[in-house]
Amino acid sequence: MLQSSNILGHERPLVIRVSFATCVLATVCLPLLGLITCVFISSVFHFEDATGTHCQVPNYLPSISASISLSPECHIWRFCIGLHSAPRLLVAFTYFKFYKARFATRFPESLLSCLNLGFSISENIGLLLLTYVSSTETYFVHKEGFVLFIVSSLIYMLITCRLWKSIKKYSLSPEDAKSHHWKVRFLLLNVCFCAFAGFFYWKHNMYCESGSYTFFALFEYLVVFSNMAFHLTAVWDFKSREVMLISSSEDKDF
């Protein structure tokens with residue numbers, strides 16, 4: 001929504017209003033569409049390069065790292081993550097402000113709110129590292145970025161579920177109960193998918209079995225999709241909130 005007018009020769013500030021739910025949907029859809037596009041292009045046009053393994057066993061799905069390291073896939077992925085990172089931080093700080101208001105006088109939850117923000121930021125940093133340093137450029141940095149992303153996201157989701165357990169306990173809103181319920185479900189799914197992905201990755205490296213890397217890639221996709229679904233629950237948490245951009249008519253700045 002745009003709001004602006006001119007009264008008696010004085011221009012009023014331009015106000016842009018966007019529902020927080022729309023902001024969250026856009027933030028989640030950017031990496032989702034980017035990943036689907038990269039995997040599709042890799043599978044159709046760069047199948048041999050994207051599915052090759054170090055021990056030359058048959059593999060039928062490109063891993064995420066392989067999909068986002070080729071061209072033009074890497075440029076598509078970097079573009080999507082670049083646009084996604086700033087709104088992601090906005091959501092993180094909005095949650096922090098929300099938690100601090102709820103738990104201002106409660107010690108465990110107040111401390112967890114700070115930790116939650118820290119792990120949310122480190123999750124974003126890990127995602128940026130694995131995005132802008134591909135596995136074919138500097139494998140060690142890409143790998144560490146991936147580990148930082150996975151570990152931070154798991155701890156972030158665990159702390160978030162703990163905070164929403166407290167919120168649900170003292171709230172009469174069905175939206176709060178639904179949000180906590182689905183957060184716990186997506187966390188459990190994410191943990192299971194991480195465990196299966198880790199198992200098949202270990203199995204591939206240890207025994208070079210045909211199909212192991214394919215299952216690793218499949219569960220890697222599911223890890224990312226369940227992570228996105230978890231973040232999408234913010235739509236329920238801030239259903240009535242809006243993001244506002246206001247331009248000043250005096251200095252022409254936002």
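Glycine too: its Cβ is placed from the backbone N, Cα and C atoms.
Any TrEMBL annotation is an automated prediction that lacks curation.
Residues annotated as domain 'CWH43-like N-terminal' in TrEMBL: 22-239. Within the model, the domain 'CWH43-like N-terminal' (22-239) carries an average pLDDT of 92.
What TrEMBL lists as transmembrane segment is 20-42 (among others).
Within the same chain, residues 65, 68, 77-78, 81, 85, 88-89, 92-93, 95-96, 99-100, 103-104, 141-142, 144-150, 152-153, 155-156, 159-160, 162-163 sit at least 6 positions outside the transmembrane segment (110-133) and bring their C-beta atoms closer than 8 Å to a C-beta of that stretch. According to TrEMBL, the feature transmembrane segment maps to 110-133 (among others).
The feature transmembrane segment is assigned by TrEMBL to 145-164 (among others).
Annotated transmembrane segment per TrEMBL: 184-202 (among others), in sequence order.
Residues 20-21, 24-25, 27-28, 31-32, 35, 39, 58-64, 91, 95, 150, 153, 157, 160, 175-176, 178-179, 182-183, 186-187, 189-190, 193-194, 196-197, 200-201, 204 of the same chain sit 6 or more residues outside the transmembrane segment (214-236) yet have a Cβ under 8 Å from a Cβ within it. Feature annotation from TrEMBL assigns transmembrane segment to 214-236 (among others).
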